[in-house]
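Here the structure is laid out as structure tokens; the discussion comes afterwards.
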Amino acid sequence: MAAVAVTPISLTPGVLAEALVDLGAIEHNVRLLCEQARGAQVMAVVKADGYGHGAVQTARAALAAGAAELGVATVDEALALRAAGISAPVLAWLHPPGIDFRPALLAGVQIGLSSQRQLDELLTAVRDTGRTATVTVKVDTGLNRNGVPPAQYPSMLTALRRAVAEQAIVPRGLMSHMVYADQPANPVNDVQAQRFTDMLAQAREQGVRFEVAHLSNSSATMSRPDLAFDMVRPGIAVYGLSPVPELGDMGLVPAMTVKCTVALVKSIRAGESVSYGHTWTAQRDTNLALLPVGYADGIFRSLGGRLQVSINGRRRPGVGRICMDQFVVDLGPGRPDVAEGDEAILFGPGSNGEPTAQDWADLLGTIHYEVVTSPRGRITRTYREAHTVES
């Protein structure tokens, strides 16, 4: 029987609203990704504060579960991991002009390079610190975003070869990023893989030998083992959200549950209306619950009158507009089965019938990445180890 991560969802005492992150789910997901990688190393991406889950805590969980390296966008994100005592290899790949790479070199952060200008700035820091830089070159294979374009790649290789000869850099990796993150069968993936393979061979021909090559995102890690190269670079799957929602959960366990306490229960009469603009009017006598979170906390205003929350095991519809600090749900007529202080689950894994981040994404016309990176403000992030049960 498979072990499934289950997290108790009771609110932390004294917390008004909470984003509970199940670190056991993170570990489960990374172990699954390591299995899917089939011998390739796993770089767990913890950028954007761990996709809203907390970079430090999720990085530790990912490393404990078998991830070999960590990936972030910015040097500051990498330095925050170092400041927390994380010593595993960390790669940062998004840099503004004029960045000071010296703190990164002193902290042993690997630098991703997308242009010769970035290489020149890095070499300035190498000279200033006396530290050799470990670099990964990011190449553009079709996304037309970050990365060295094919036309500039030959001159970049020449500059890299010169820097290697001067013992200024160690060429650790070659990386690229996929266009179709959620379509593993899209033929563009194969076009990109071939371009990436060609650029890897071109580097060898020019005397630049990279230790590792990595192209695969979460989707490719889970469904395209032929694209694994030496390392895979999953992001959203680390947090238990399916990189291909049409294929179901793919064995992943969502790690985040967002919930709050019921602040107030009240009754209204048929014909009375709720919240700004009176966009919802009760058709019968009913009971309402007030939830003390709003759009300032990452509860999208556009979900007003459309979202559902789970209270005492039942889904309840939100009614009226979502306000800055609060919104209202309809409990229905009769004697209320919800009391002040009860727990309201806005979204979670869905294992107990509660809405999921994917449900919110469908309502919003967006992706679940945006949903889980949105909780903020008065929503306190907390962590619990999972209990493991047999299914």
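Here, residue 1 is simply the first one shown, and the rest follow in order.
Cβ atoms are placed via backbone N, Cα and C, with glycine included.
Per Swiss-Prot, the feature N6-(pyridoxal phosphate)lysine maps to Lys47. Less than 8 angstroms from the CB of Lys47 (N6-(pyridoxal phosphate)lysine) sit Ala55, Gly71, Val72, Ala73, Thr74, Glu77, Gly235, each of them six or more residues away in the same chain.
Look at Swiss-Prot and you will find Lys47 (among others) tagged as active site, proton acceptor, backed by sequence analysis.
The number of other CB atoms found within 10 A of the CB of Met324 (substrate binding site), across every protein chain shown, is 13. What Swiss-Prot lists as substrate binding site is Arg145, Met324, and the listing cites sequence analysis.
The active site, proton acceptor annotation in Swiss-Prot covers Tyr276 (among others) and rests on sequence analysis. Sequence-distant contacts (6 or more apart, same chain, Cβ under 8 Å) of Tyr276 (active site, proton acceptor) comprise Gly320, Arg321, Cys323.
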Task: List of residues, in chain order, with Cβ under 8 A from that of Arg145 (substrate binding site) and at least 6 apart - done: His177
